[in-house]
Amino acid sequence: MKNDKKIYGCIEGGGTKFMLALIDSDRKMLAVERVPTTTPEETLGKSVEFFKKALPQYADSFASFGIASFGPLCLDRKSPKWGYITNTPKPFWPNTDVVTPFKEAFGCPVEIDTDVNGAALAENFWGASKGTHTSVYVTVGTGFGGGVLIDGKPIHGLAHPEMGHGIPIRHPDDRDFEGCCPYHGGCYEGLASGTAIRKRWGKALNEMEPAEFEKAREIIAFYLAHFNVTLQAFISPERIVFGGGVMHVDGMLASVRRQTAEIANSYFEGADFEKIIVLPGLGDQAGMMGAFALALAAENK
């Protein structure tokens, strides 16, 4: 089937599921599939099979793959492990080559980056941080991660930012909880992620009674506010976009903005945290559109 628009394979690789899609150059989804994240062999195998079945009718128009994946990832193109998930705590997935199965099966360009860097790109192209030079995308859900864009390009250094593993100041009413990160205990991920919330209180925020909920929300917002002030001090972002389920509970965004402003104490010239700290403009599609942005990058390399 000849298509006037280019077609891209897009993979949003998460810790619980891989979302797969064929998307055309107008950002229209032509085919979508969900594959549980089990073992690499099973998950990547089923992902390849989906595209093998979905692609033939678009074969003349297909351009490239973009993979926005959980990490950590090796993003050094000079390394033989470029495109590998490295020392993840997720069982079965350490030292997994994510790129090669798609390259070998389809023989086309493939670009990979972290899920949060992908979402940061998507929000910068089409969403809440469009028009900014410096922006951050943060997800606070099962885990905690962030991606930074400077002049529209993700920061890569030794690897990529691991924002969830910075160590925050402890809330005075939260000193007894050791945190849940297997590497650092009380890092941002270990204290403020959805996993940490459930381990600390035995339930999600939206399952709590009002009094318990308000106290828990203020504690989590305290950590996110300190995180924001650190970001503002280090890289001066014009926009901090917060995704993930934790941010969608009642009053969380308002509490994070308020506590950020209180901690910043009017120090940062021109910093209006009501405008800087926002939810994704692309909503729940930021991750998949991140994979699409990476597919566009793969085509143009």
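Glycine residues also receive a Cβ, built from the backbone N, Cα and C atoms like all the rest.
Annotation comment: Swiss-Prot describes HIS165, CYS181, HIS184, CYS187 as Zn(2+) binding site. Taking a C-beta cut-off of under 8 angstroms and a sequence separation of 6 or more, HIS165 (Zn(2+) binding site) has the following same-chain neighbours: CYS181, TYR183, HIS184, CYS187, TYR188, GLU189. Taken residue by residue with DSSP, HIS165 (Zn(2+) binding site) is part of a helix.
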According to DSSP, CYS187 (Zn(2+) binding site) sits in coil
8 Å Cβ shell about HIS165, CYS181, HIS184, CYS187 centroid, Zn(2+) site members excluded:
GLY164, GLY166, ILE167, GLY179, TYR183, GLY185, GLY186, TYR188, GLU189, GLY190
